[in-house]
Structures are given as C-alpha cells and as structure tokens.
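Shown next, in structure tokens, is the structure this report addresses.
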C-alpha cells in the first residue's frame, strides 16, 4: 500500500505541475491578445473564458475524487477521470496557444515589413521630388520651350516609376524573407519537439527501471497490487508527458516571440542602411521600442515563472543527488537511477537559461544599434540627421525589460554566480551533516 501511495503522489505531482503550467499558458494567451490586438477574436476569448470555467469545475471534481481515493476499488477510476479531464484541458489550451502564436507572428512580421516598404517608397519619392526640383531650377528660363516641358514630364514619370520599382523591390525582398523566417521557426519547434520526446523517453525508462527494481527486490506484492502499481506508473508517464508538453509549448512560445523581436531589429537595421531616411528612422524606432516594452511587460509573469522553476529544479536535483549518494553509501546503481529520474528538471533549467540568454542577446543587439547607425555612409562628412538618430537611440535605452529590469549579459552571468554560491554552500552543509 505504501508503494501505491508513493506512485499516487508522483502522478498527482505531475498533474499539479500540468495545471500550474496550464494557468501560465492561459496567461500567455492573454499576452498574445495584448500584443496582436486582432479583430474577430471573440470566439477565442470566449474559449479562454470557458477554459477557466472548466478549470474550476475540474478543481471541484478533483477534490471530490480525492475523497474517493481512500477506497481501493475507486482508485483506478479516479486516476482515469483525472487524466481525461487534464488531457482535454491541456489539448484545448495548446490549440488556443498555437492559433494565437501564428496570428501574432503574421501580424508582427507584416507590420515590420510594411514599415520597410513604406520607408523605401518614401525615400524614393523624396529623391524623385528633389530631382524634379533641380530640373525645375535648371529650366526656369525655358518655360516656353515645349521640349523642356516634355523632358519635365518624362523625368516625373521616370521618378514615379523609380519609386514604384523601389517599393516593389522592397515588397519582393520582404516576401522572400518569409521563407527564411519559416525555416528558423521550423528549426525552433523541431528542436523543442525532440527535447520533449527525449524527456518523456527518459522518464518512461526511469519508471520501467523502478518497476524492475521492485520486482528484483524483497517486496511482497500480491497480483492485484502489482497491477495497480503498473497502472499507476503508466498514468504517471502519461500525466508527465502532458504536463511536460505544456511546459515545452510555453517555452517555445516565449522563444518564438524573442526570435520575432530579434528579426524585427534586423529588418529595421536593413531598412535604415538601404534607405538612409534618418527622420523616418526616429519614428520607426519609437514603434519598435514600444513593441519591445509591450512584449516584455506582458511576458514578465511567465518568464519569471520559468526562471524560478528552473533555478529551484536545478538546486533540488543537485541537493537530492548529493543527499541520496550519502544515504546509499555511494552505490552507483541507485545513484544512477536517481540522477536519471531528475534529468527532466535539468532540461527545465537549461530551457530557462536559454530563454534568459535570448533576452540578454536582444538587449545587447539594441545596444549595438547606435554604433551600426553611426557607420552608415552618407553624402556629408558630418551628417546632423544621422547623429541625431544615434543620440536618440542611445538615450532611449531600449532592450528586453522584465518588471522594469533590463535583461542583459551582466545579469545573466550574475545568475550563474548566485546559483554557484548556493550550490557550494549546500554541498558543504550536506557534507558536514552526513560525515559528522
């Protein structure tokens, strides 16, 4: 009975993690509402409200089912009902998140690329107007000449054609970039899918190894109890697969948003160097900076949740592994089994650090933009407009902010120093405890 209760605890822990990440995913759905701001999304918003209502209903059902778990005959029915409810909720949330993510990606890239096309067309039109003014100044004394009028008309038509060609070229380049964006996005989600499959495989292998240890050990289990233990292991693997899938999707959504912001910065730099309209660069940088702050503000809760869960999971893995090693007198087989069972937490820590590194890289790219703009060649040795744009970007102090804190590489390194200090103190305390 103790073994059964142990597996019940493991499975309920996985379900609890899944529910917590489910709430975080619903928060990400709200984030995407705030960032995308599309029309016609009433159905999805109603679906999110329905998901919250069903989540409350699931909480009431789980409280009722927990009272029934005292009876041995109702144990399997309780687990199956809980698993079915959790599975439906997680699948519904996954669908909503994927829909939101695709709409956000489309709107973000369309807005940035339309900004590039508009800037290109405006610069070409300005250049054409300047050429037209020069031609008018040259031909002021020959207004009565029909040939000069025809030349002016031809120059105006040529300037309009050049502006249209420049806008069309920018639109074609923006359309060509869609393939590259799709390739990068495909590599991103394939990587997360492979990591998820690897984590589930490791957890399933660990559960199988634990079942083999129970069979090889001196545990007196009857036939019904053995079947119950195996069923609990299968339920634990399924619940872990679902909860880890929700965690992976949440990490992928955050990584995808940070990748989109990085691509937006690249598009802005490409637009500035191709059409050096520095006056328009001030306005477009304001829009880009507002986008950075909006995404950082709305992703703050889920981003901090990942960082806290990753740090706590990493500390728990090392502390439990060291304590287990001292408790088992450093026998390699139980230590290996304990380490393998804790590998998903290590993957969670790696994912949280990867997200933190992407946010820090985004801030560093914003810091490098003024130097990039300052090196753009112009027709004047001292360009006042270019220098104003450089000063404007520097004073804006753009970057990826979470709770009014700029995520930078210095903060990323400080996080490793803090984790290293905690681990050193923890290892020293455990060593004194078990060696005394």
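Every residue gets a Cβ built from N, Cα and C, even glycine.
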Range annotated as transmembrane segment in TrEMBL, from 134-155, 156-177, 266-287: 156-177
Of the residue ranges 104-128, 129-153, 179-203, the one that TrEMBL records as region 'Disordered': 129-153
TrEMBL annotation of transmembrane segment - which of the ranges 332-357, 358-383, 384-409 it falls on: 332-357
Closest-packing stretch to the transmembrane segment (332-357), where packing means Cβ pairs under 8 Å, from 189-207, 227-253, 303-326: 303-326
Residues of the parent chain within Cβ reach of the transmembrane segment (303-326), under 8 Å, 6 or more residues beyond its termini: 24, 250-251, 254, 334-335, 338-339, 342, 345-346, 348-353, 355-356, 359, 402-403, 415, 419, 422-423, 426-427, 430-431, 434-435
